[in-house]
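Structure record follows, encoded as structure tokens.
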Amino acid sequence: MAEVLVYVDHVDGAVRKPTLELLTLARRIGEPVAVHLGPGADAAATVLGEHGATRVLAADAPEFADYLVVPKVDALQAAAAAVSPVAVLVPSSAEGKEIAARLALRLGSGIITDATDLEAGDEGPVATQSAFAAAFTTRSRVSHGVPVITVKPNSAPVEAAPATGTVEQLQVTFGELATGTKIVSRTPRESTGRPELTEAAIVVSGGRGVNGAENFSIIEALADSLGAAVGASRAAVDAGWYPHTNQVGQTGKSVSPQLYIANGISGAIQHRAGMQTSKTIVAVNKDAEAPIFDLVDYGVVGDLFQVVPQLTEEIKTRKG
Ligand SMILES: Cc1cc2nc3c(=O)[nH]c(=O)nc-3n(C[C@H](O)[C@H](O)[C@H](O)COP(=O)(O)OP(=O)(O)OC[C@H]3O[C@@H](n4cnc5c(N)ncnc54)[C@H](O)[C@@H]3O)c2cc1C
């Protein structure tokens, strides 16, 4: 059976959820072969094998940690040469998309970014994307070279599919450019205890209607009752009510959770661009004419200061 390379996003061998989702999609088009770079391959291989990876190509070298993406591109290129895959799948993070773009250039291949679904096709995998601020859904396939495809988090379920997950060493020769950009310092982000915005299964967002930084505690309380990440519209962020890193939209982060709850957000096209591929969308807005109601699955016309705390209490009660 044809093999599909899956780039593993991990922290010291702890595999992140978007990679497990990629394994689900990879199994639709072939046999997943994971590429694990950096420390922790043995620990990761157990999890990767449980989710369908037949082989884990592993390489560890200081270059992966000390320099930006080029060493990883060198390694993926070596893996592609060793395996001759039918596709290379990479999680759609900022780093993942840079790695994928550079790899596609090196392989002389077409690339599809930010896919939200993937299926087998007669002439290669067919990817679904959301285009032009999510106004269109497109289906496309790469017509030249080995398809390199980045996939948005939450595009597929994580499914157990036991496979061998045999670890094999990948030989990597770093090119001249690999050490071109050195990482000189690292500052860990302050942990909020909440999931990463772009990977979260549930996102609770607040907009101008939240009316002040101090009121974002209402949004955070709802998020915490659901184990969700907190997002914000640009209006809320520009007003200084919430950090820029939490902005959802065209000039912020793109999220695609199972559930997106927009509170006091009007639904401007630039905001929709970052959340319209969410599976279920709920909005709370006191204006029944707000454009956000055009795309919701469930809408509540009401004052968020009344609705959101009640919702939080109800969720807490039901969770016991
Ligand atoms: C180039 C460009 C890029 C942009 N990028 C982004 C981006 O990445 N992300 C983004 O979000 N925006 C972006 N914007 C801005 C975007 O156009 C909107 O201005 C912004 O999204 C509006 O944010 P908002 O919905 O919070 O505010 P508003 O549009 O002011 O809407 C506030 C909503 O809150 C409701 N409301 C008020 N009080 C309450 C209450 N008590 N209870 C319930 N509802 C209430 C109102 O009815 C209203 O619908 C961009 C704009 C440009 C030009």
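Each Cβ is built from the backbone N, Cα and C atoms, and glycine gets one as well.
Heads up, TrEMBL stuff is auto-annotated, nobody curated it.
According to TrEMBL:
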type	residues	note
BINDING	Arg208, 233-234, 247-251, 264-271, Asn285	FAD binding site
DOMAIN	4-187	domain 'Electron transfer flavoprotein alpha/beta-subunit N-terminal'
Cβ-based isolation winner (fewest other Cβ atoms within 10 Å) among the binding-site residues Gln247, Gln250: Gln250
Reduced DSSP assignment, Gln247 (FAD binding site): strand
His271 (FAD binding site): tally of other CB atoms within 10 A of its CB: 27
List of residues, in chain order, with Cβ under 8 A from that of Ala268 (FAD binding site) and at least 6 apart: Ser233, Pro291
Candidates Arg208, Ile265: member of the binding-site residues with the richest Cβ shell (10 Å): Ile265
DSSP-derived class (H/G/I helix, E/B strand, else coil) of His271 (FAD binding site): helix
Per-region confidence, the domain 'Electron transfer flavoprotein alpha/beta-subunit N-terminal' (4-187) (mean pLDDT, whole number): 96
